[in-house]
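Going by Swiss-Prot, these are the annotated features:
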TRANSIT   1-29  transit peptide
DOMAIN    110-293  domain 'tr-type G'
BINDING   119-126, 184-188, 238-241  GTP binding site
Amino acid sequence: MRLWNRFSRLGNLLCACAACGCSFTPWRCSSSPLLSSFSAYNMSSGNRVTSSVGGSSGATEVCPSHTPLSSSTLLRYTIAPSEPTMGSPWQTSEESASRRLAALTSYPPSNIRNVAVVAHVDHGKTTLSDVLLRRTGVLKGSVNAGAYTDRLLVERERGITVKSQTCSMFLKYGGSEFLLNLIDTPGHVDFQYEVSRSVRAAQAVLLLVDVAQGIEAQTMSHFHMALDQGLAIIPVFTKMDCVLNDTTVDAALQQLEDSTGLLRSEVVFTSAKEQLGVEALLQAIIERVPSPSGAIGLSDVCQLPPLLPGSTARVAMEAEMVPLRAILLDSWTRECGGGLYRPPSKTSSALSGNVKIDEDKDTVTCLVSVIDGTLTARTNILLYHSQKRYEAREVGVIHPELRPTGALTVGMVGYVVFTRVQREDFSVGETLYTLPTRKFTRGGIAPVPGFRRVHPVVFAGFYPDEGEYVTQLREAVEKLRMNDPAVTVEPLECQALGSGLQLGFLGVLHMQIFQERLLSEFGQRVLVTPPVVQYKYREAAGGDDQPPKPLSVHTWRWLHEGVSCYMEPHVTATVVTPSEYAQIIDGEAQRHYRGKQLDMRVMDDARVLLRYKMPLADMVRGFFTFVKSQSHGYASLEYDELVYEEADLVRVDIVVQKARISALAVICPRHEAPSVGKRIVASLKSNLTRTAVDIPLQALVGSKVVARETVRAYRKDVTAKIHAGDISRKQKKWNDQKKGKERMARRTVGGVTLDQSVLAAAMGATAL
């Protein structure tokens, strides 16, 4: 009875027993009753709750006192969709898409809802978004046809969401038609920046929680982000079809209240797999998501009707014009748009003013959210920070592909196409604005608050397969950075690998996804060096008040070169794991990954929370992979902002045939230098091709050799033709051979050729 009363939109319902006529609550019967089935309609929303046991299909409802007991039977709870009624509170709009798009400007802000879907990894965001799109008629076909919002090839191959995707939906509710912009976001911690950008276009978030897994690390991260931005939060429990008993649901509800302070009465229960609870969720979005606000009006003289200059009507309309203000959320080119691209050679539709767009390689499509004013084709748009001016060639919404419309007004999220642009002008977070008349100036325009600058967590060198292709690689990286602005780029030179780029990422998975997108979208095969973290140092002359400076293998300075101390990034890592794996993970974290345990807490009967202070380098080196593999994917790992602490660091240089290989240099703690150097030279020894002379391999810390191996030379049997005689004849041949090899070695100092396969194997050894 206690749990039933607290379920959102289910009500306080009792069933009449068919045997004795008493009243009883069917939900609280997980311990014994073998109810054939029960169904009860929510008096407020029309949802029907269904419970079935053991596959029985009877229709009689009896109280627990008239049913046999069975401790081995567990109830399965689902929320079924409402039966169709004439007075349904809302229904999907049946008009054609063209009519709705043509009338898009007639939607007042009060009839617009912008909502983002956020959750931990694998809590059902993409699947639920796909079901909502199909329920509102945007997509056709079964849900099993594939997740629509995962457009990129790498997303479909890996089964994870990498890019946020937006889609506009139309639905009727209470006699009014609403425009709903749904934003599906990634769940992995490496793409947190993508989430923070996407929610800027929303007034609320759907905070999804897998009812079986409960509150996870990223759930709390998204919750605090929504609070910081002042967004409304609608908690949604997913995968209700997997619930075996009410204890699981009750525990998840209690955890939600304790962790977030959200009331369990606010929770919406859904099952995307069974398409249940979808109508209740849509109703909650309409009723509980705030509508956007902003100044309404035309924003450019091109939007005015053809009136004589100076006429009374024109003067009156110009007086009512308001400057456009919009924020740039994302941008992409033809190659990296995931299919969201309209060839600019085609003529825009009548809705966009029949603007002829010329084919141009510098065409950019931007996703924008309109704060004030109106955005149409031919609008002269100014970029606030770059101070450049461009003309909008086409505007529209994503429904589910790029659909041109007459305009984008206050509260709408849509796209705008620009041609002949400088791609570096369109930075994410840029404010787009207009000055419709002379009374408006740039000083009077308040820029939309941009996004916080993100700092890379790991760095890696990207080198093309062939050195002469570095220009193509740089072009591909710049195009992809428009769609993934969290990546930083610096030029890089290596004696062994040639010219390349040093890229900064938010995590190892982020790096892997970027590499795969370079191959799938641009055909760029690259050699990637092992990821390294950003170290820092403090100058001795500057004192403790001077901020530390970045340090890498390329900018390394020793203590005698004016360095006061080195600093290493540390994080607080939080692991939520099934209890059976907690002991193994805890032991490995402290033994092999320099983790210092801060907390160990039992969350419930099945899960344990572990918290460590750990160097970021050790987490990158393999702790995340170890946790996932050891727990078979059931554990989650989250870490907070970086904190730099003093550390005893050294640079390990690898010398092959007296030549330093900069691509294999690595920074590590002093006590780990011998083992790191030994792994690298051992890998080189096993992969290098033998030659006619010995190849010495050394690992150096400064001038001190901490590890050494030798690739032995092939030896020709120079005494093969000497079958008799004194031993001195053979010794003379051996001495001549030794002197000849010494002369060859002097001529080939630093001349050993290292194939990329050899370097890749050695680089992999640095990450072990």
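Each residue's number is its place along the chain shown, starting with 1.
Cβ atoms are placed via backbone N, Cα and C, with glycine included.
What you are looking at is a predicted structure, and each value in this text was computed from that prediction instead of being measured.
Positions of the features from Swiss-Prot, shown on the structure.
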residue : record           : contacts (Cβ under 8 Å, 6+ apart)
A119    : GTP binding site : K125, G187, L207, L208, V209, D210, Q218, T219, H222, T238
D122    : GTP binding site : G187, D210
T185    : GTP binding site : A116, V117, V118, K125, T161, S164, E194, V195, S198, V199
H188    : GTP binding site : V121, I160, Q218, G507, L509
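Counting other CB atoms no more than 10 Å from each candidate's CB, the binding-site residues K125, M240 peak at K125. In the three-state DSSP classification, A119 (GTP binding site) falls within a strand. T185 (GTP binding site) carries neither a helix nor a strand DSSP state and counts as coil. Averaged across the domain 'tr-type G' (110-293), pLDDT in this predicted model comes to 86.
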